[in-house]
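Colleague: Handing you a structure now.
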Amino acid sequence: MVKKIAVLTSGGDAPGMNAAIRGVVRAGLSEGLEVYGIQDGYYGLYHDRVIKLERRSVSEVINRGGTFLGSARFPEFKNPEVRAKCVETLKKYEIDALVVIGGDGSYMGAKLLTEEHGIACIGLPGTIDNDVAGTDYTIGFQTALETALEAIDRLRDTSTSHQRISIVEIMGRHCGDLTLSAALAGGCEYIIIPEKGFDKESLIRNIEDGFNKGKRHAIIAITELMTDVHQLAREIEERFGHETRAAVLGHTQRGGAPCAFDRILASRMGVYAVELLMQGYGGRCVGIQNEKLVHHDIIDAITNMRRPFKEEIFNTSRKLF
């Protein structure tokens, strides 16, 4: 029977993580459990950075961005000896189960603890990239979307005033969900995402066609890591003679107070994680599909499940632009 649980946040931070921690802590306490927080993710677990959490520990955090527990990337966790020491930390505090909030890398860590040591782990999807399998939305995605959209709206104002071409680089790594949604909502003229690839010459031809038809400005939304956006801006400007500038939104997309959607989603997922543990589940990851909370085998989610591409949204954007 579960008596003590711990929660950690791992990898890149995302708005709403604090709300998820709050959900885990208060749901756990309501079940009579002792709840611990692990500072700085798996790195903190390795270095015994464990603190006890009470109701007041999570007061006034639901509206705060980031994660008050801290987060860190810890590639050393791939080492079996490092994982074994992390398990020793859990045993030291007699912690029975662990809730891990993060992305694919965080899930992989939970998967290894489950497979190798039988630790009851529950994964919650916390990343602005929306690239975790088994869920329609991840914690932080909607807030990051609003941040990106605000930037696009501001760029449109100045691009229109100066007949400028603006390139906006949006986070997402190898997933184009954030770029696609922000571009559709922001009315961007061109969208470049990993799922559809990038043909520079085709982009330049499309821009040329648009200006030949009377366009006076353009906004290009592109997912990070696909190309050097500043070099692309220089090439476009040299080709057309139109002033072209690139804006990299970067880590501003991770910060800021979470929106209502993310606060609610994170709270629901945090409470649901505790419910699953009380029902005897372990080695699961939580998601939301068709507005309902679901859970999947965490190993299956990592190795077999794939996120479907939002083809309908992409096709809609093509018709509008």
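Placement of Cβ uses the backbone N, Cα and C atoms for every residue, glycine included.
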Colleague: If Swiss-Prot gives R22, G23, V24, V25, R26, G187, C188, E189, K213, K215, R216, H217 as binding ADP, which of R154, R156, R245 does it give for that site as well?
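Modeller: It is R156, as the record lists it for that site.
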Colleague: Let me know which member of E146, E150, E224, E275 Swiss-Prot also records as binding substrate at the site of T127, I128, D129, R164, M171, G172, R173, R245, H251, T252, Q253, R254.
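Modeller: According to Swiss-Prot, the candidate sharing the substrate site with T127, I128, D129, R164, M171, G172, R173, R245, H251, T252, Q253, R254 is E224.
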Colleague: Report the candidate from G12, G176, G186, G197 that shares the ATP site with R73, F74, G103, D104, G105, S106, as recorded in Swiss-Prot.
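Modeller: Candidate in the recorded ATP site: G12.
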Colleague: If you measure H217 (ADP binding site) to R73 (ATP binding site) at Cα, how many Å is it?
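Modeller: So the alpha carbons of H217 (ADP binding site) and R73 (ATP binding site) sit roughly 40 Å from each other.
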Colleague: For T252 (substrate binding site), write down the residues of its own chain that are at least 6 apart in sequence and whose Cβ falls under 8 Å from its Cβ; none is a fine answer.
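Modeller: Residues satisfying the criterion: T147, A151.
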Colleague: Considering only the binding-site residues V24, R26, D129, E189, R245, which residue has the minimal Cα-Cα separation from G12 (ATP binding site)?
Modeller: D129
Colleague: Across all protein chains in the structure, which of the binding-site residues R22, R73, H217 has the highest Cβ count within 10 Å?
Modeller: R22
Colleague: From the binding-site residues R22, M171, G187, pick the residue whose C-alpha lies nearest to the C-alpha of G105 (ATP binding site).
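Modeller: That would be M171, nearest by Cα distance.
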